[in-house]
Amino acid sequence: HRLRPAQMRERTSTALSDPLIDMSDFGSVRDTRATTTRQRRRYRSLLRRAIAQVASELQLSKIGTPRRLDLAAAEEHVRFFLPKDSTGNLLNLRCSEDEFSARVGTGVALYMRFVRTTGYMFAVATLVALPQIIANVCGTRLQLRWPWEASCDATLPPDGEPVARLAALGGQAALHALLSTLLGNASLGEGLWTDGAHLFSASTLCGMFCVYVYWVWSTGLRGLSAAPEASSARASDFAVRVSCLPRAYTDPHAVKAHFSFFGPIASIALSVDSLPLLRSLERQHRLAAAWRKLHTMHALLPAAQKARRAPALRRAAERLLVKMTRARATLRAESAAPCVCNGTAFVVFRRRTDAARCVRHFELIRAHERSHHLSVGTNVDFRQLYFRTAHKLQVSRACEPSDIIWRNLRYSRATMRAAGVRTTLLVALFSCLSTAAITVANFMGTSHSSGAITTVWVTMVIIASNVVIFNLVPYFAVRRERHHYRSYQHMHMLLKMTFFQIFNTSVSVLAFLFLTWDVDSNTACPLSSPSSGRARPAFACTHMRLGGPGLLEIDVDALCVSHWYSTGALVLMNGLFGDLAVILGIIEFVRPEKLFARRVRALHAATQTEMNEGYELDADLYLPFRYQLTLKVVFLTAMFCPAIPLLLPFASAFMFASHRVDRHSRSARRESIISAVINHSLLILGTTCCACSSRRRA
């Protein structure tokens, strides 16, 4: 397209005379009297090859000598999107919450405030639970043995291995300290002090959690009302959403004329069914990017390699040109096809008072309809309710333009609900499978333990089963569900991931409540562990009886409850510690996939734009993933803290660590401290594995 016909003929003739193009059995290129099908096919192949060579030469001449990619420029590109202070420097990590909130937006600010205050709440709850913890430590129900007792010497390594013996002794001491704080060790009913301490802590914690829920609700409302966006004019204040428009004979002029009754209109955004056209545009964009990348990578090669790779470049360019030609033809056909309205439009008024009056008008109409045609105190004009006298409209306040998913507006609400139900059932199915995998792994790790190795692989199975939900829920939400707004999309992702993770953990932990074990008193210290493979069948611990007229009572055997503290409670602590060390410490803070993209893939980028994209921080699904992990810890702590009081200080430490990780994750200075954090995390993980190696269960 950029060459005159004479230049194109000259360059094509020169390309056909190239010795790399085989001209045998064809004759002169100017001989167009091809009579057979084979000759015509051969001529088209040669012409396509010549055009590919000419187009490649034009692209290479346009590129010239490409400049080398600059990592410093990519890092500066990332710094441009990070929050900064009034002087233009990066925001200090030790800045105040108000200054941080003013730079990151209302949503992130509310989340950060929620995490920090939840950490303080759990810290206060730890102080409230101290009487309960002391009463549990003073109990003797679990019959714990001290690690330095003579009966525990058989479980320790021989004296010839002092390091291993000291590590095992420290692990037994840590396990004894953990088990002694459990509710199962408390001697309830044997003293006024124990019963009073538990009554005081339990009642106070219940009141604190009720106040905490009310605080979360009220703080969220106050934060939204006090946000800077709430007091300033927004784009959504001038617009309304119109639904149930007819698909045929709907144009912007007709919609504008219908809503001019409420005031002057600035513009009409009519949503059309253009999904095939969008797909063609995306495909054309991908092929054009692949064309530029192919020639840029060839231009970066040394001169000797360029000559050797020239035939491969021509073949690849020919294949790409064929695809680009077909994609261009498809795009031209899709552009010529008429795009009909999908029933939705956004009307933008010049004054926001007119938009508010329009919304209020249709709200009064709905109030009249709900009142069964009785008077509600005002007169309403129903003429604006029907478009073209036959189609009943639905009008509501519009959301922000960036929140709209335009390609999903073509789907009705019924289709959206059906897709949501299907994806929820699929996620529930995979959640049940992952729950079964977690339960089996915990059972095998408890009954057939080999020390630290078992602890590591059981933790990996638990994390992998949760990662399945992490991957499925966003995929279904983006690709299969038909949400009209991104806010609803993220909210559904948050609710599904939170619910199914809590379901996974709770079921796998409570499964041990319905199993009893044959224990061997000489297996381990400080508590006898279950014998290998000698668990009784499920529900052997339950006893059902009729307690009254039509009432069924289910009792759980006291021995099963006692055994749960040495199995299910430790499984819960193991899973939560895995969330802290692996998900929060490595996946969320270190971001290994981002390090790989920056340190490996970015070095092989073809253009500076591609390298900059590799360095960018992914923030599209940031809040749903961070909220679901925080809510999981909050729910599990509130559910199991009466039996395991040490969950309260653990949750407090988790919240403060999450707060610091969230601050560092939005800063360019985080890479400078990742090495130190990795070293400390590995040290803590190694210490924990040594502590767990002294027992023969997970």
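The backbone N, Cα and C atoms fix where each Cβ goes, and this holds for glycine too.
If you check TrEMBL, you get these features:
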TRANSMEM  120-142  transmembrane segment
TRANSMEM  196-217  transmembrane segment
TRANSMEM  423-444  transmembrane segment
TRANSMEM  456-478  transmembrane segment
TRANSMEM  499-517  transmembrane segment
TRANSMEM  569-590  transmembrane segment
TRANSMEM  633-657  transmembrane segment
TRANSMEM  672-692  transmembrane segment
Same chain, outside the transmembrane segment (196-217) by at least 6, Cβ under 8 Å from its Cβ: which residues?
114, 117-118, 121, 124-125, 128-132, 134-135, 186, 188, 638, 641-642, 645
Would you say the transmembrane segment (499-517) and the transmembrane segment (633-657) are touching, if the rule is that at least three C-beta pairs must lie under 8 angstroms and be 6 or more residues apart?
yes
In terms of Cβ proximity under 8 Å, which residues at least six beyond the ends of the transmembrane segment (120-142) contact it?
179-188, 193-194, 197-198, 200-202, 204-205, 208, 212, 527, 562, 565-566, 637, 641, 645-646, 648-649, 651-652, 655
